Amino acid sequence: MAGLLPRASKRLRLASSPGWQQQQPATSQHVGQDENKTTHFGFETVAENIKASRVASVFSSVASNYDTMNDLMSLGIHRLWKDHFVRSLDPGIATSPFADQAKQGQTILDIAGGTGDIAFRMLDYCTTVKKDTTTSVIVSDINPDMLAEGRKRFSTSPYQSAGRVSFLEANAEDLSAVESSSIDLYTVAFGIRNFTHKEKALAEAFRVLKPGGVFACLEFTPRLRNPLMNAFYKRWSFGAIPLIGQIVAADRDSYQYLVESIERFPSQEQFKTMIQDAGFIIPGQGSEGGPRGWEDLTMGIAAIHKGVKPA
């Protein structure tokens, strides 16, 4: 799935072709060493240097049925989670009849956001709630098929004609097309669990955010708080979802990988620590008995994590 949170002083170096840029893959001087490193692809152990292509194959397969996939994996609740995610971030700048009309809105970077689902919600919120018509979103995804779905979604929207949305084909672990300290809000919904090196993606998020900028992630969790509900949900995930994927999309393997990838994602406490290790401040942390540093959704099926880049 696609995460379930001032004005940018620098412009992004986007490609001259309309709306998106293809980032060239990084090369390594240690190819032989890289080939020996392994990681997980669901429950399977694979070489690190092939995981990205395997994940790309999955999302190319499910791109046209992505919302259906999230409906199956969340029992349809992902739509409510995404709405709550956006409201909790309160994106955009508040405007009034007396506000400086020259003031520009935020620059939001939505990672693994190919279909534009979160971006559309962000822009709707900014426009209807904040009356902000200047905040813009860069939708970034490593997969061109997912981005094609996003372009399709925005093709007839006023946001496209107003230049408030653009598309960037890039690897979240190497956002060299995005300038340092240029982003106000970095979001990733139901995507980070598929990254090969999550710590590299977090380091890139920290680099591109402006001081005071916010990292926000909506993601499935590996286990629910209630053991009985956890057992029921696991039975649904592993028993029903791949079967329904076979029936609905004729693609059992992709849906099997997606439920396995949730099991391999760090726990809420572990992921909070990873965000802190990247240099972020966890909102609400620092006092004994204070918030845990994340927000569980629907008994912990998913969670929202946030981090703030120190000013």
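Glycine residues also receive a Cβ, built from the backbone N, Cα and C atoms like all the rest.
What TrEMBL says about this protein:
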REGION    13-35  region 'Disordered'
COMPBIAS  18-31  compositional bias 'Polar residues'
BINDING   T115, D141, N171, A172  S-adenosyl-L-methionine binding site
Using only the Cα atoms of T115, D141, N171, A172, which the record gives as binding S-adenosyl-L-methionine, return the largest interatomic distance in Å, rounded to a whole number.
16
Starting from each candidate's C-beta and looking 10 angstroms out, tell me which of the binding-site residues T115, N171 has the most other C-beta atoms.
T115
